[in-house]
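In what follows, a single structure is set out as structure tokens and then discussed.
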């Protein structure tokens, strides 16, 4: 009953969740789950959890590869089918071997996953180099967008499918960068002007204080002179 619940849930999760090249066909995920289920005897403890974990790792591997680089997004449907067939054959080979325990099984399945990752990366990279080149070679059959699971009839690609940036996004980034530079220039200019204003104001205040001091000293000298003259006159009158 646990296996049945797991296999019924897989197509639903594949439909609603993120995609990779291999899981665009929900039937393929069911087949993988069924093949993996045949590899593990029913008496193995925690069999359902083990199956669920292995299937999730397999699905995540396909997603991880196709989303690791913007250029690893499109692939010929024919190549996807061949890759799925290869993976099923690997599972059939494991199924024909004698069961030697969970750890041996996980080790062999890890080898299959590593080979699958390597093959998928190589196929996506080679196809991208051809489909995104200026003199791209015509590819027969439909092309699969591994991110959306849409089939396309395009033979050559450019823009986001080849890792090139969206012109609008690039333009918006340039505008944002210009505004940032402009704001930085305004702030720096204002700081320089404020600095010069403070220096000029400080010098001006020093000059004013100096002039005021000289003026006060001069007036004091004049006042002291007048006082001395007055005292001298008073002294003479007393005589």
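Counting starts with 1 at the first residue shown.
Including glycine, each Cβ sits where the backbone N, Cα and C put it.
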> Which stretch, out of 175-195, 196-216, 217-237, is listed as transmembrane segment by Swiss-Prot?
Replying inline: 175-195
> What else in the chain is close to the topological domain 'Cytoplasmic' (196-239), if you only count residues 6 or more beyond its ends and a Cβ gap under 8 Å?
Replying inline: none
>> Sequence gap of 6 or more, Cβ distance under 8 Å: name the residues on the same chain that satisfy this around residue 96 (N-linked glycosylation site), in order along the sequence.
In response: none
>> What are the sequence-distant neighbours of residue 126 (N-linked glycosylation site), meaning same chain, six or more residues apart, C-beta distance under 8 angstroms?
In response: none
